[in-house]
Structures are given as C-alpha cells and as structure tokens.
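Taken from TrEMBL as is:
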- 44-293: domain 'G-protein coupled receptors family 1 profile' (DOMAIN)
- 28-51: transmembrane segment (TRANSMEM)
- 63-85: transmembrane segment (TRANSMEM)
- 105-123: transmembrane segment (TRANSMEM)
- 135-162: transmembrane segment (TRANSMEM)
- 203-228: transmembrane segment (TRANSMEM)
- 240-263: transmembrane segment (TRANSMEM)
- 278-295: transmembrane segment (TRANSMEM)
Amino acid sequence: MQDFLLGNRSSLTEFILLGFSGNTKINVILFSVFLFLYLVTLLGNGLIITLIHKDSRLHTPMYFFLSVLSILDMGYVTTTVPQMLVHLVSKKKTISYVGCVAQMYIFLMLGITESWLFAIMAYDRYVAICHPLRYNVIMSPLLCGLMVAFCGFWGTSCALIYTVSAMILPYCGPNEINHFFCEVPAVLKLACADTSLNDQVDFILGFILLLVPLSLIIIVYINIFAAILRIRSSQGRLKAFSTCASHITVVTMFSIPCMVMYMRPGSEASPEEDKKLALFYNVISAFLNPIIYSLRNKDVKRAFLKVTGWGNAPE
C-alpha cells in the first residue's frame, strides 16, 4: 500500500500544514483553547460511555447509539487535534505523505459513519414516539448492531473512494497545505492535474452521504411531529419533543458545515473559511455533543449521581 501511495503518482514525500497563524503569541493562545476543548471532549464523551456502561437503566437502543456517537467523536477529534496542537507550538509543521493519506482516510471514515448514525438515531426516536408499545421488539439488539454495522460499512467504503480519488493525482509541489490537517478539499488544491472529476465525485458522494441521511432525518421528524401533535396533553407533547430537540441540534451543527465544505466546487473554496467550517464540525461539534445530550437528560444526570455517589437525582 505504501509503495502504491509513494509511487510515480507523486514526487512529494511530505506536506507542510500551515495551520492558523504564523504569530507565536496567537498560536500559544490557540494551543490553550484547543487543548482545553480536546480534553473536555474526551472527558465528556468518555463520561457518557462510562455512565451508559455502568447504569443498567441506560441499556436501551437510544443510549447504545449515543455511546457509539461518543466513541466516533473521540476518534474524530483525536485524528486531527493532537497533531494540530503539536504544530501550534513547534517550528516543524510537516506530515508525511503516507501519514496524510492515513489521516484523511480515518477522518472521512469516522465522519461518514457519524453522518449515517444520525439517521439511525432519528429512526430510533421515531419508533420510540410513534410505536412505543413495540419499541423493544422493533429495536432489538440484533437490529441495533446491524444498523451500526451498516453505518460502518458506508464509512469504510466511501472514505476509501474519497481518499483514493484524491491521492492518485500527481502532487509535484508546492507542498504547503493551507489547513490544520489533511482534508480532501485543501489537499486537492496542490494537485498537478485537473480536479474537476474530483469535484464531481465529491458532489455525488456528498449527496449520498450527507443529503440522503439528512433527507431521511427530515422525513422521520415530519412523522414524529405529526404524532406529537396528536398527543392530547401538553406535558406529553413537551416530553416527546424534548427527546428529539438534542438530536436535531447536533445534526444541524454537523451536517450543514459538512455540506458546505464537501458539496461546493473546489474553485469556490476559501482556505480561511474552510478552516472555520472544519473546526465547527470536527472540534466544536464533538465538544458540544455530550453537553447537549446530558444537560437536558434526566436519565444521564441520574446515572451520574448514582455512579459518583453524590446523591440521588429527582425522579
């Protein structure tokens, strides 16, 4: 594999990641901010995984999917942030050609898997609200496992297409990537060849991997809201809606920036805007996910108090 990647298709053996700024003082501030966000992201998502594992009352499909989301988020930020932190305080900002390919593939694999997982989580909420009596029968452990495997299949296979289509192009210099990690649109700007075919591939895959899941989520929530409106008690409607609000917020934060990044032509991309978008759906989204899901969730609060022994959550 390494010989293929380093073959005649490219004369470069490494890339330089320009990151955010050449100002040392600004980089020190950015290092502190991103280190804080990274550690809190790992702590928050790790805590959610631990609580779901420890508390038997959280052994339900909804929390199973939430634990998978937390695992994906932890891997997602770990693929990019540690290297970014090193580059912020180091003069050497290089990444090997093979390392760049590996980072690109892992990042895409986790991101695509997460995109489809959001659709699965929406379906889970649909069954819980619209078919509550049959929820445990429909959302069996086998089906939940198959759904996650389906998401993983899309992630591993489509990330491979993205990565190979980008890295089979010749890269003969310059080798400076105006980004903080090896993301496809930023790397393609350095290709010594026409990338219009890659733009078409990115648009088609973006349609399949972003618009299709998002459309499914919208259809599911139209049905959910129709069912909520049929609930007679206002308290019941509020409770049903609150179970969906967190998911809708997280999907919006993740999907919209991803669509802007991967579905527009490369010629329209601005490096500085791309960095901000990537920060939003990579770092900020993973940081906020555990906060959004836990602050409004009595089950998670109750599990936290039980595991820590700090008291009992209100029933």
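Heads up, the Cβ atoms here are built off N, Cα and C, so glycines get one too.
Packing against the transmembrane segment (240-263) from elsewhere in the chain are residues 111, 114-115, 118, 121-122, 125, 128-129, 183-185, 202-203, 205-207, 210-211, 213-214, 217, 221, 224-225, 227-228, 231, 269, 274, 277-278, 280-281, 284-285, 288-289, 292-293, 296-297: each is 6 or more residues past its ends and has a CB under 8 Å from a CB in it.
Against the transmembrane segment (278-295), stretch 28-51 has more CB pairs under 8 A than any other of 28-51, 63-85, 105-123, 203-228. Contact count against the transmembrane segment (203-228) (Cβ pairs under 8 Å) is highest for 105-123, out of 28-51, 63-85, 105-123, 135-162. Counting same-chain residues at least six beyond the ends of the transmembrane segment (63-85), those with a Cβ under 8 angstroms from any Cβ of the stretch are 17, 19, 31, 34-35, 37-38, 41-42, 45-46, 48-49, 52-53, 95, 103, 106-107, 110-111, 113-114, 117, 120-121, 124, 144, 148, 180-181, 282-283, 285-287, 289-290, 293, 299.
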